[in-house]
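> As annotated by Swiss-Prot, ATP binding site applies to 171, 172, 196, 197, 251, 273, 282. Annotation source Swiss-Prot lists domain 'THUMP' at 51-153.
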């Protein structure tokens, strides 16, 4: 079976060298998820020859859309007309149809000429032509002396191929936000390593791993590594911190742990699921205090999203079922300030005895 894969739009406008790198990465990712017998690149298309199930392509980032297609050789336009008529005369019976022609190369006919002639050959068998809302849409993509013919276009995940933009450490609580922040960074081509402060025992861990299994379906066959840090030990160390700044200090500990892990595994950023002013610790002032003197980029892909939008995305991605079962363990104080004082937070942090190297060294590491 021949599958046409169309590249996500922004890949096509990159420099020739960058585009080649992205195409190579995408092809490798495709080979990770479906059985490909042969692959080639044809003027903006990746052409796959496969006998396997191709539906998994819908979750491969870097793909705009894909179609199973027939490939035909021709010497004259009538060859294409005859093929399309033989294949689709029965399929258009009683239906409104449309012909979509795209053409690359030099021919003695235009795309419009081809569409008219092909459409005329099918018209007697159909209920007529409807270019706005056809019941069946037949595509003919013409190259020099061959053409791709198909009637199904499946949506891809778009974005950039996994592994093309570097690695990020995701602070992954397992609630609604962090899985979607992870997914959005994956969509931008990032490899992800997850850091979880295990606050809810084995129940918490199981839900997190269930979510990671869902995210793995979008990860182009690559494994996702999760570091489970002893969160209870961290909370115990915060016992002497004033309640109204305790969450901010906890977040700083999380950031610093993630920063250290990033240095250890050559990641270039830290990603969080924070959304501006969604909760008290996520006001602009508190975010400033939280990331003060953190020397690595902090990405917040959900910063402008509201909770309803995040939950809707979780349904699309597939993590909703598991996220809805997990309490927000980071809500450790109901009286948190919305405007933490930087000097007070830094002074309180000095009193907290955290061995960051030890936290990471003693973390349980699970690969999904």
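Backbone N, Cα and C define each Cβ position, glycine as well.
Distances, neighbours, how buried they are, the whole picture for these features please.
The number of other Cβ atoms within 10 Å of the Cβ belonging to residue 172 (ATP binding site), over all protein chains shown, comes to 29.
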> For the ATP site as recorded (171, 172, 196, 197, 251, 273, 282), determine the largest distance between any two Cα atoms, in Å, rounded to the nearest integer.
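Between the most distant Cα atoms of the ATP site, 19 Å.
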> Mind looking up the mean pLDDT for the domain 'THUMP' (51-153) in the predicted model?
97
> If H, G and I count as helix, E and B as strand, and all else as coil, what does DSSP give for residue 196 (ATP binding site)?
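SS state of residue 196 (ATP binding site) = strand.
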> Can you check which residues sit near residue 171 (ATP binding site), meaning Cβ under 8 Å from its Cβ, same chain, 6 or more apart in sequence, and list them in order?
178, 195, 254, 255, 258, 270, 271, 272, 273
> Do you know which of the binding-site residues 196, 282 has the most other C-beta atoms within 10 angstroms of its C-beta?
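When each Cβ's neighbours within 10 Å are tallied, 196 tops the list.
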